[in-house]
Amino acid sequence: MKYLSEWDQWKRYSCKSWKRFIGKAREMTTHLELWRDDIRSIEGKFGTGIQSYFSFLRFLVLLNLVIFLIIFMLVLLPVLLTKYNITNSTFVLIPSKDTDVQCTVYPISSSGLIYFYSYIIDLLSGTGFLEETCLFYGHYTIDGVKFQNFTYDLPLAYLLSTIAYLALSLLWIVKRSVEGFKINLIRSEEHFQSYCNKIFAGWDFCITNRSMADLKHSSLRYELRADLEEERIRQKIAERTSEETIRIYSLRLFLNCVVLAVLAACFYAIYRATIFSQEHMKKEIDKMVFGENLLILYLPSIVITLANFITPMIFAKIIHYEDYSPGFEIRLTILRCVFMRLATICVLVFTLGSKITSCDNYSCELCGYNQKLYPCWETQVGQEMYKLMIFDLIIILAVTLFVDFPRKLLVTHCSSWKLVQCWGQQEFAIPDNVLGIVYGQTICWIGAFFSPLLPAIATLKLIIIFYVKEISLLYTCRPSPRQFRASNSNFFFLLVLLIGLCLAIIPLTISMARVPSSKACGPFTNFNTTWEVVPKTVSTFPSSLQSLVHGVTSEAFAVPFFMIICLIMFYFIALAGAHKRVVVQLREQLSLESRDKRYLIQKLTEAQRDMKNRLDWQ
């Protein structure tokens, strides 16, 4: 027998102790999860499909909170410490530059007789008293903060905070997507294995509470119903005749044409509303009445919000006639709504960008942008994003209070009415609700550069949405008769969120690298574009470090690096294919072994039966 040395014994003991500590720590952190009991209760009552929506909502709350902390630490905290004399620091003003005086004009809101409704408009649109606060880009018109031993470069920190929250969002989403893809890949390999895992290995034997046991029973029951529903759909598809297949594909082709027509109508309405609003923004606000002022300022937001509210209901009605499986219904509906919702943001951003960089009656060469209409265009883009987020929250609250609860009362107390019977009790629409929060998150990613406190507003908004949706689910909704699988949905939700992130990166990159920065406000008034702060910072490095940075960012480094990355990717793809083939072979071998065992048991049973018969005859 080989004995371990004291050093090996200590290493083994330390490794076991560390693993035990990590296990205990993870067990403790599970009790600190946000809304843990609420989400588990929802899972037991309504299934894992709806539970995946609330888990996704919790993830976005944490993501926005971390984004706000990044922006707060890098941008807002140094400004607040200096503004309120908490530290011995002073502001470094932006040095004067040979810029035309007309480009530095930033008209301040007129002070005089202010009506009460003006404060409501300012609160909803971000204008007036909110425009001069730290909520928007124009408030940070300083070059840095001078502490005792160093000078804090605010323009560089402002740009780095944007890059940091975008990179963090990308890495976090990709990490969760990979985890969901692994689970999805494992569970989608063999449906019979899924049944066995749920029936024989799906119970948590650590549950001692009766109520938690009931919730676990309900959760497993809902998952089995979802599996059986998908199996029924697959069997129905396999049993279709040629005439039925032609009929269903013809119907799907017609319904997809209807979907395209609805999308085209929404895009045209948003385009016309944006053009109308931009053309009438030159009017004096004080000359308008309250309703006209409200309509002109918020017309694009109102049209976008109405389109986002109406089209998911149309898509939800259309999808029922296309005869897909429940999981595929969710994914297809989400894809349609993603295309519609994110394209509305594209229409708005594209229209604003074209108006910012074009002038009507005079040349834009003086400032590089339309300074007359947009003296601080970053703040005005931030106000548009702020209005979209506020209106989205208002619509969610209004629908819950004035549609969902009255509908529940009518169904409960007026169930004999034919109209109420046709309307029926509401079901919790997973695609519509997921798209709502993805749409809001895309607005937050785009607007966080122009409105640094927008992630904090988004965090509060998502917290409100969680409780509103939970109350609406528990008291106004009924469990869907068609069950949804959470394993596929979780991965697809993150994929849709990744599409939204990619969409947010495109306008941010263009605005930072191509559109001239405002000369009247913000930390980049002395730069032609926002990105110019990076070459200026690199120029202050030592010559050797500058050479290294220029070498890493050159084509001579990028092309070989890209080729190496492609080779590594192809290697892992080939390795994954080989592993998949090995897994298939092992499963076939296990299947053959199980057949051999079944055959041997059958022969053994027959032999025992023959032996027993012989003994009986004797």
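The backbone N, Cα and C atoms fix where each Cβ goes, glycine too.
Remember, it's a predicted structure, so these values are computed and weren't measured experimentally.
For 376-487, the entry in TrEMBL reads domain 'TMC'.
The annotation transmembrane segment is assigned in TrEMBL to 56-81 (among others).
Residues annotated as transmembrane segment in TrEMBL: 156-174 (among others). Residues of the same chain lying 6 or more positions beyond the ends of the transmembrane segment (156-174) and with a Cβ under 8 Å from any Cβ of it are 63, 66-67, 70-71, 74-75, 78, 140, 445, 448-449, 452, 455, 494, 497-498, 501, 504-505, 508, 512, 523-524, 530-531, 533-534, 537.
Annotated transmembrane segment per TrEMBL: 253-274 (among others), in sequence order. Same-chain residues lying 6+ beyond the ends of the transmembrane segment (253-274) with a Cβ under 8 Å from its Cβ atoms: 299-300, 302-304, 307, 311, 314-315, 318, 321-322, 336, 339-340, 343-344, 347-348, 351-352.
The transmembrane segment annotation in TrEMBL covers 295-321 (among others).
Look at TrEMBL and you will find 385-403 (among others) tagged as transmembrane segment.
Same-chain residues lying 6+ beyond the ends of the transmembrane segment (445-468) with a Cβ under 8 Å from its Cβ atoms: 35, 54, 57-58, 60-61, 64-65, 67-68, 71, 75-76, 126, 134-137, 140, 161-162, 165-166, 169, 345, 349, 378-379, 381-383, 385-386, 389, 392-393, 396-397, 400, 436-437, 500-501, 504-505, 507-508, 511-512. Annotation comment: TrEMBL describes 445-468 (among others) as transmembrane segment.
Annotated transmembrane segment per TrEMBL: 489-510 (among others), in sequence order. Within the chain, the transmembrane segment (489-510) has long-range Cβ neighbours (under 8 A, six or more residues past its boundaries) at 49, 52-53, 55-56, 60, 162, 166, 169-170, 173-174, 176-177, 180-181, 183-184, 327, 330-331, 334-335, 338, 342, 345-346, 349, 353, 430, 434-435, 438-439, 441-442, 445-446, 449.
What TrEMBL lists as transmembrane segment is 557-578 (among others).
Over the domain 'TMC' (376-487), the average per-residue pLDDT in this prediction is 82.
Long-range contacts of the transmembrane segment (385-403) within the same chain: residues 124-126, 135, 297-298, 301-302, 304-305, 308-309, 345, 348, 436, 439-440, 443-444, 446-447, 450-451, 454, 457-458, 461, 464-465, 468-469, 471-472, 476, each at least 6 residues beyond the stretch ends and with a Cβ under 8 Å from a Cβ of the stretch.
Secondary structure counts, DSSP: the domain 'TMC' (376-487) has 86 helix, 4 strand, 22 coil. Within its own chain, the transmembrane segment (557-578) has Cβ neighbours under 8 Å at 551, counting only residues six or more beyond its boundaries.
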